[in-house]
Structures are given as structure tokens and as C-alpha cells.
Amino acid sequence: MLIPVVGTLQECASEENYRAAIKAERIIENLVKNLNSENEQLQEHCAMAIYQCAEDEETRDLVRLHGGLKPLASLLNNTDNKKRLAAVTGAIWKCSISKENVTKFREYKAIETLVGLLTDQPEEVLVNVVGALGECCQEYENRVLVRKCGGIQPLVNLLVGINQALLVNVTKAVGACAVESESMMIIDRLDGVRLLWSLLKNPHPDVKASAAWALCPCIQNAKDAGEMVRSFVGGLELVVNLLKSDNKEVLASVCAAITNIAKDQENLAVITDHGVVPLLSKLANTNNDKLRRHLAEAISRCCMWGRNRVAFGEHKAVAPLVRYLKSNDTNVHRATAQALYQLSEDADNCITMHENSAVKLLLDMVGSPDQELQEAAAGCISNIRRLALATEKARYT
């Protein structure tokens, strides 16, 4: 009787109202209990129901509190039943979104087992395995563990697939591993960065965005990042042209990639020639805080070349940036203040900032507990004030 009951619950759990009811009715506890059943079909339905419900943080905590993580980890060792394995790996992936659960999975040796499942498995299992590793590798110890278990090569090998969900997850996992310098060396040696770059041409926006996010730690941690980026023929033009996308996540991720690319002066010169300034300026009128933050960071970094500061002013990027200071997000404030500080090195930009009431907003931020925000706001005010004093002095001489 349990099998059709849990099977029905699992099907219903794809609807949000049912997920809320499952949590409210304390059904998670019973799902966990039945994971320990001897019946494979019942185990599969329970794991699948947990997978459906564990997008919710409270549910993830309940699975842990009721002791559900250990049976999930031990079920990873039974790989013959692929349907059950897909359900179990799916439940582990969603439960891994919570850090406390990742700590438990490490304790139960699940990460090593997941690495072992990166080869010779159907795609529905691989999507979940790679998704789980992407979450686990947000922590340093697990990145090292994946590298030591030989997990980098099979992850990089999966970058050549065509399954959209798998590509989104594998780019995230490779990007997470690239934060650790030794793993980054392996990724580079296996041509992983070029494969990530080629995924920027993928027709699916989710894959493009995930690849661009993954490139950021790769560029940050590569030995000679500037030379590596230049070695991809047409790579810089491809990145700049992605600023014409209408997908906010693609735009935010590409802005983040440009921020890292532009740390190298030669590459900054190249992307300037490809028209990065007018394209970034065109995006300035956005209300999306994630995009605002990464756009402001990209503008700040791109100011470091030639007459780009002046060009941003000419392309009307300054006034919209001032409005970002009214956001509720401190990360947006910091990035914007740093961009305005760079832009304020040009006199016309200072005038635009003053006309758009930037000084009052910046004054409030000089008192921020965030030191970088303080310094950038103070530097910007200083530049605006210096121009005002010079103008007054010129008027009376």
C-alpha cells in the first residue's frame, strides 16, 4: 500500500501547494523512515519526493534532522537500479544546497562516491551527481577532495555534451573547482577553459550564463590569465557581443567576466576596440540589482584605459549609475561608488554627478561600515569638490 501512496505524493510534489502541505503535515519524517525500507521501489519514490521538496530550505533541514542524509548516502553504493539512483542523487543534490547537509555528506563519504559516479552513468543520474558536486565544491575542503579523488578530468570531459541541464550543472561545478589554484592548473591543462569559452556560443541562455560565471574564477586563478584569454581566437569579440543579449542573467555573468578580463591592460584595449563602452553604457538603465552590481564593476574596471572615462560620459552612463545608490543592496552601493570614483576623474562626469544629486547620496555612504564603500564614496566626493573649487577659482581670477 505504501508504494502507490508515496508514488502519488511524489507526483503531487511537483506542485508548490502540495510541497507546502507535505512539509506542514510532517510527511518528510515518514519519507525519511521509508528510505530505510528493503523495497527498492519505495526507496525510489521516497527519494524522488525528497528531491521534489528539497528546493525549500526548511525541508532540507527536516531531512537532516530526521536522519535522512545517511540512508541517502548509503544508497549511492547500489548502482544497479538506475531509476532509484537518479532519485537518490537528485535528493542529495537538492539537500546539498544547505551547507550543514554538505558537512554531513562529507562525513558519510558521499563526495568520494559521487566522484565515482561521474562516468558510465545515464544522463539523468549525471545531471544530479554533477549538480550535487557543484554545491559541495562551494567549500574549500570539498574542492580539494574532488581533485584528490580524480574528479576534475571527468567533469571537464562532460563539458562537451549537449544536454542543457547537464551543461548548466557541469559549468557550475568546474567553476567552483577553479577557485582552488591546483584544480585550476588541471582544468587549464585539460583545455577546460577553452571548452567553457566555447559554451558561450551555446543557444541556451542558462548555459551561456553558467559558462560565463565559471570563466570568472578561471581567469582569476590562471597563471598567466591575460595571455590565456588572448589565446582564444575571437574570444574577446564573442564576450563583448554577448552584451547585446536580452537575458539579465547572461548580461550579469558577462559583465562579471569582463571585469576579470579587463584586469589585463592589453585585453582591455582589445575589448575597448570591440565597442565595450557603448554596449555597457546602453545597459545602465536597469532596475535589476544583480546586473547593476556587475555592470558597475565592469564600468569601473573599463575606465582604466585610454579615454574610456570620457566615453562613458558621452554615452550617458553616469546619470543612471547615480540612481543605483538608491538601491537597498550594499554590494550595488560598493560597486557603484567605485565606478563613480573612477568616472569622477573626468570633469564633465563630475558635473553630471552633481546635477543628479550624487553628493548627498555619497555623503551617506562615507559613514558605511564597509571600508571599500567608504573610500570610494569619499574619493568621488573629493573629486567633485576639487572641480567645484577650481571652477570657482577660475570665475574670480
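Note that Cβ sites are derived from N, Cα and C of the backbone, with glycine treated the same way.
Note: TrEMBL annotation is automatic and uncurated.
Per TrEMBL, the features are:
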| type | residues | note |
| --- | --- | --- |
| COILED | 21-48 | coiled coil |
| REPEAT | 234-276 | repeat 'ARM' |
| REPEAT | 316-349 | repeat 'ARM' |
> Restricting to the same chain and to residues at least six past its boundaries, which positions have a Cβ under 8 Å from a Cβ of the repeat 'ARM' (234-276)?
Replying inline: 197, 200-201, 205-206, 208-210, 212-213, 215-216, 219-220, 225-226, 282-283, 286, 288, 290-291, 293-295, 297-298, 300-302, 304-306, 308
>> Could you give me three numbers for the repeat 'ARM' (234-276), the DSSP helix, strand and coil residue counts?
In response: 34 helix, 0 strand, 9 coil
> For the repeat 'ARM' (316-349), what does DSSP give as the number of helix, strand and coil residues?
Replying inline: 24 helix, 0 strand, 10 coil
> Mean pLDDT for the coiled coil (21-48), as a whole number?
Replying inline: 87
